[in-house]
Amino acid sequence: MPGHASDPIDHPLLHNLNAPQREAVRHARGPLLILAGAGSGKTTVITRRIAWLIEEEGVHPGSILAMTFTNKAAEEMRERVERLVSVPAGQMWVSTFHSFCTRILRREGERTPVGRDFVIFDPSDQKSLIKQVLAELKLPEKQYHPKKVLELISDFKNRCLLPEEAREEALDPWTRRVLEAYDLYQKGLKNHRACDFDDLLLWTERLFRDPVVQAAYGERFKFILVDEYQDTNRAQYLLVQHLARHHHNICVVGDEDQSIYGWRGADIRNILDFQQDFPEAVRIELLQNYRSTEKILDAASQVISNNSQRVEGKGALKTDLGVGEAIHFKLADEGRLESEWVVQRIQELRYLDPDAKVAVLYRANWQSRQMEEALRAQNMAYRLVGGVKFYERQEVKDLISYLRLISNPFDLVSFRRCVNAPTRGVGPTTLGKIEAAIPEGGTPLEGLAALLRSGELKGRAQRELGKFLELFRRAETEREALGLAGLVKWVLQESGYLQSLEDEATLEAEGRIRNLEEFLSAAAETESMGLRLSEFLDRITLAADTDQIEEAAHLSLMTIHCAKGLEFPYVFVIGLEEDVFPNRNARETPEGLEEERRLFYVAITRAQRRLTLSAARRRRVMGTEMLSMPSRFLRELPSEALTAPIRWGTEIYQAGEGVRPGSSFSRGAGGGSVATELQRIRSFFDKVKEVPTPSSHEADPTHEPEPAEKQDPNAFAPGTRVKSARFGVGTILAASGRGDGLTYTVRFDHGGDKRIMARFGGLERG
DNA sequence: TTAATGGATTTTTTT
DNA sequence: AATCCATTAA
């Protein structure tokens, strides 16, 4: 509680703030945990706190470090602080974790395997490298799906494990092979002088293990602030710990109910355990919501109360914005009708309020298509966020590959890309020859030069590749004079890329040229900010879609993940069906389900005035017609918050009631006997999971196998090899539940994890 | 070497 | 339905 006498009530930095917000702003030294509910004025508090430190505590801006997850958040934070303080604050470090790490590595990188002049690999570069590795190890992509393999590698990296350190986790053959791939993949990155996204964190964390480096930065950053702390993974957590160790002035801000990046390695326990990490921490809860009306908040808190992974003893969100409108729900017969209905509602509210800002939110990107079709049919303008990103378009990537190779001649992935864009008659054969000609420790261009000298190539290839090589020679000398934008334009022309698109003379090519022009102006803009080529390239790879959302857009279509941190007067959430939302793959584990629920919570709390939910009874998914079941989250909505009870066909589907037995099982999706059986098993799973799991989470590895063994002499401990008639041979990863609910997670040798119930699965020791 | 064809496979979310 | 891949024809 802030005292009265000493309270400088009228301090401008405390203006219009409630009591806990003021307390947070004025907290100067020592660890601070700010639990900031949705819409609780978090950014205001953070920025004013930083300003307070500078203005009132006399802290030098250069000793402040603030970490965010998106560039947009970082920019906004910096701008707002700069407006609040009277001194120049340009020396503050306000950035995303990833750009912070990039900055550190560009300074200290000679201590890491990739040095200081690395390129940042984006997901498509990663994919082509891992494919190469898998081919080298003769691992078939069928079983070692590049995406799956990269996921596991990313998982290891997020937990700061290098290949040799992850060995003890590789109990089964599949993981062991992936580990070999991981090892080769890292070597490949090193040869390319490249970091993937995860490496940025990983190498920086390694760097900070060195007491000298750690002390240098730990001393420098006297005040550290981490936004969205609930989304930090192990690497980010350790990074923060290394730095905070020195001054203990660590302020973390977050909301465990909005933790939606578990699949990316985020560990919700980081925020849940903050007070254990820093026992002297002060905890402040921001519970006053300034965004939504009561009905919306009631629905949100009712939904989220079904989760067990929450901070203990946290209060509920409050609002002064009045009761507000009840939540609408629409069930359409078919997916197309659902989007048409939504479009109609948008048109109606547009008619009443032409400037209304509307968002349509969905679980997965594919769901945007139907909305787009319906909108286009009505000639309505919209902004689609996500999907194929600008910097990932083919033509843009082609151009970037030239720039990357100019910036870092070791980048073989980029070389491969641009050497045949536009086509220069280089196929796998020629490419193989070039790569074979690369001298030990040399660059691809040196390999190409050697091959050209040998005179092995003939005709078009020899001629074109000669010009190609010459291009890079000239780039070296002209780079400085041309400047960034000049260089981009020069490459576009001299490479013949622009010409080849012009020759195509199709509508598509025209669009690509436009994109390249847009890229050129982005380069010009960057140049005017005084940035150089390598910095431009960093920015491009680390740019996210969400960074470009104009809040001014009238109608936005985006995933819920993209919508985090945003607010809209009118929000539609579509596709509230089982297997869509909650997503089919997330439903398998209690943790996955809780994360889906948090996602729903995030979706609800985006709405300021009106929230509309919708679903479709039938829908085409991947070309086949599916019957859908209502999302279980619909049942968690309080009836008082809804305009009408939710009906699904003839059933009333509402809080506490559930679907009456007997009716739901008979109408299985697809209707076949296998599907019916599957559904029976699924609903069984669901019942099992409805029982709140008493935080079995922490105890998992040590305690779980024990009770299982007592119950059943045939129980399998993690690591046991088992055989299943349906899936083949695999290794037990974990066990959960007991008695009839005893369920194993099994990693099968052909790849892929499955959760199998001991009772049905027919697992044998194998 | 490249374009075209047919078949398999896919949809979770992203710095 | 739409994309991605591998094989085949030119």
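Every residue gets a Cβ built from N, Cα and C, even glycine.
Automatic, uncurated: that is what TrEMBL annotation is.
Per TrEMBL, the feature domain 'UvrD-like helicase ATP-binding' maps to A:15-293.
Around A:GLY39 (ATP binding site), the C-beta neighbours below 8 angstroms that are at least 6 residues distant in the chain are A:ASN289, A:TYR290, A:ARG291, A:SER292, A:LEU317, A:GLU567, A:THR605. Here TrEMBL flags A:ALA36, A:GLY37, A:ALA38, A:GLY39, A:SER40, A:GLY41, A:LYS42, A:THR43 as ATP binding site.
Residues annotated as domain 'UvrD-like helicase C-terminal' in TrEMBL: A:294-565.
Annotated region 'Disordered' per TrEMBL: A:689-721, in sequence order.
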Item checked: pLDDT averaged over every residue in the domain 'UvrD-like helicase ATP-binding' (A:15-293) -> 93
Next item on the list: By Cβ count within 10 Å, point out the most packed of the binding-site residues listed: A:GLY37, A:GLY41.
Entry: A:GLY37
Item checked: Distant-in-sequence Cβ neighbours of A:LYS42 (ATP binding site), under 8 Å, six or more positions away -> A:ILE34, A:ALA36, A:ASP227, A:VAL253, A:LEU286
Next item on the list: Please classify the secondary structure at A:GLY41 (ATP binding site) using three-state DSSP.
Entry: coil
Margin query: Taking 8 Å from the centroid of the Cβ atoms of A:ALA36, A:GLY37, A:ALA38, A:GLY39, A:SER40, A:GLY41, A:LYS42, A:THR43 as the cut-off, which other residues in that chain fall inside it around the ATP site?
Written below: A:VAL45, A:ASP255, A:LEU286, A:ASN289, A:TYR290, A:ARG291
Check: Which residues, sitting 6 or more apart from A:THR43 (ATP binding site) on the same chain, put a CB under 8 Å from its CB?
Finding: A:ALA73, A:GLU76, A:MET77, A:ARG80
